[in-house]
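According to Swiss-Prot, the protein has these features:
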SIGNAL    1-21  signal peptide
DOMAIN    25-442  domain 'GH18'
DISULFID  Cys29-Cys56  disulfide bond
CARBOHYD  Asn224  N-linked glycosylation site
DISULFID  Cys343-Cys426  disulfide bond
Amino acid sequence: MKLYALFSLLVGSLAIGQISAAGSHHLLCYYDGNSFVREGLSKLILTDLEPALQYCTHLVYGYAGINPSSNKLVSNNEKLDLDLGSSLFRQVTGLKRKYPALKVLLSVGGDKDTVDPENNKYLTLLESSNARIPFINSAHSLVKTYGFDGLDLGWQFPKNKPKKVHGSIGKFWKGFKKIFSGDHVVDEKAEEHKEAFTALVRELKNAFRPDGYILGLSVLPNVNSSLFFDVPAIINNLDYVNLHTYDFQTPERNNEVADFPAPIYELNERNPEFNVNYQVKYWTGNRAPAAKINVGIATYGRAWKLTKDSGLTGLPPVAEADGVAPAGTQTQIPGLLSWPEVCAKLPNPANQHLKGADGPLRKVGDPTKRFGSYAYRSADDSGENGVWVGYEDPDTAAIKAEYVKREGLGGIAVVDLSFDDFRGGCTGHDKFPILRQVKSKL
């Protein structure tokens, strides 16, 4: 019996060991292949990506998706990823020749796969054991054919639905009793899907184990862990769990109130579960080893448009917002600003005398090291040009890395390298400043 216990402990240690060497922390770096085909300054090609790899233990390339007809794992952009096109799958895994310690994983889903909310293919696949077989076989084939070291499961479960704002902020938050949106039923078959996902993880790991492939889980923003993941049942078949603990608040989820997107700790009069610490404690409290838990850090900010009724202080939560702020000049995504786009809007010699939409935002730091930074510009007399953005910068990312060390967690997942300042434009010299600061603190 003692010999069996010793063997079990050794196997568990080896499973964690393939993610990182003893005593080290994981630093998983996400690379969205779509950034390869962007235009202008937001285009991230492999030559520009390479300076980041000296800091990364893993490169997570995304994103693959599910073909709903065949239930197979497929490229979401064959002309980009496969050999008939740009062959980015092989180019990315080929980076291991230059960086032999780097593990390269393929990510599935990640909120980048098109899903019909009325017929979610990620749920229908789970509902049939026969549907899981082609997914598992195709996943193994893709990983093996293109030289990946494993698979990152960014399974696109239904998300928590925030309540509509009616009246005061306090009344708004008081209505939250559960993380999955109070009155709204996120998934009527949640228990069935939880059991089936447990089976999928077990079957995938069994298929991967002979080749030593890594299997990781990414808990996507606003997916209810208690609803969809049987932590004790899946954790031994997972090499890591990335908690994507950001985007708790976004202008798409709540267009009338601007608030911190990714606080470390609970804020007053907020849902107590919308913070990094709660999500970490949920998993470790359900028997997930701390060494398998990685905290996700977004390299971008979430931006709301402010109105004259939003006030002048910028102190969150800011009421009477008006949805997404205009898109940035590089990423061209309304309501989202990459770190270099945020940096360019903070006070600097180039914008200090500008007015209107080009005027600088007022930066407000976080001396408590608990909630994050934000910057804002109040609306003008005509009700225009008001912006509020909550964001991650190198300093706040470093604070989260310190939290990870303090809590004895596995590491950090940086999402996404293409939204970090990979050209060094903010300081004029330092490339990937968020990634570098995280690495310096781990």
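Positions of Cβ are set from backbone N, Cα and C atoms, glycine also.
Feature annotations (Swiss-Prot) mapped to structure.
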residue : record                      : Cβ neighbours (10 Å)
Cys29   : disulfide bond              : 25
Cys56   : disulfide bond              : 25
Asn224  : N-linked glycosylation site : 21
Cys343  : disulfide bond              : 19
Cys426  : disulfide bond              : 21
Per DSSP (three-state), Cys343 (disulfide bond) is helix
Distance between Cys56 (disulfide bond) and the residue listed as 'N-linked glycosylation site' at the Cα atoms, whole Å? 28
Measuring Cα to Cα, how many angstrom lie between Asn224 (N-linked glycosylation site) and Cys29 (disulfide bond)? 24
The mean pLDDT across the domain 'GH18' (25-442) is 94
C-alpha spacing of Cys29 (disulfide bond) relative to Cys343 (disulfide bond), in angstrom: 21
Cα-Cα distance linking Cys426 (disulfide bond) and Cys29 (disulfide bond), given in Å to the nearest integer: 20
Once the DSSP letters are reduced so that anything not helix or strand counts as coil, what is Cys29 (disulfide bond)? strand
